[in-house]
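A.B. asks: This is the structure I have questions about; it appears just below.
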């Protein structure tokens, strides 16, 4: 049977008569084609959230312990951006993995506590709640017929548009938070 040239490239070794087939990188719109699974994405963003917590704490020690204020804004901005990104990614991964609302809420709430995303990440992993691929196609599961699942699948089938949309949303939220000032002044 002849291979379908529309989705694969072939390297032919004419002397040996052997076809070495490899998937063409642009053949699949699947966001997991490059290995960005829900588990990997969540882990990257959870780690960034923890690292920026450490930076923020260093900035606070420098400011309040040594009267050195220069680190607070960049470290605070980095942490704020990582926190909002973590909240967004927790929502997307939670929808994809069909977490209960309490799990998504818990993920975001625990990010307020320094380094609490680490034990939560381990808890999710022990329970297999990060396993699996992105749900880009409908299945026989009745939940797949819901409007939220259909919207999720649409966005997951268009990963570049999803990434750009979420990145813009994160920038807008961070900008609004910058306008509000430090969290310690929000309700003053």
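For all residues, glycine too, the Cβ spot is worked out from N, Cα and C.
TrEMBL entries are annotated by machine, without manual review.
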A.B. asks: Quick one: sort out which of 101-120, 121-140 is the transmembrane segment according to TrEMBL.
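C.D. replies: Transmembrane segment, as annotated by TrEMBL, spans 101-120.
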A.B. asks: Which listed stretch (41-61, 73-95, 160-180) has the most C-beta pairs under 8 A with the transmembrane segment (101-120)?
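C.D. replies: Selected stretch: 73-95, with the most Cβ pairs under 8 Å.
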A.B. asks: Which residues of the same chain, at least 6 past either end of the transmembrane segment (41-61), have a Cβ under 8 Å from a Cβ in it?
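C.D. replies: Counting only partners 6 or more residues beyond its ends, the transmembrane segment (41-61) has Cβ contacts under 8 Å with 71-72, 74-76, 78-79, 81-83, 85-86, 89-90, 93, 111, 114-115, 117-118, 120-121, 124, 130.
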A.B. asks: For the domain 'DUF3817' (40-126), jot down how many residues DSSP puts in helix, in strand and in coil.
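C.D. replies: In the domain 'DUF3817' (40-126), the DSSP-based counts are 73 helix, 0 strand, 14 coil.
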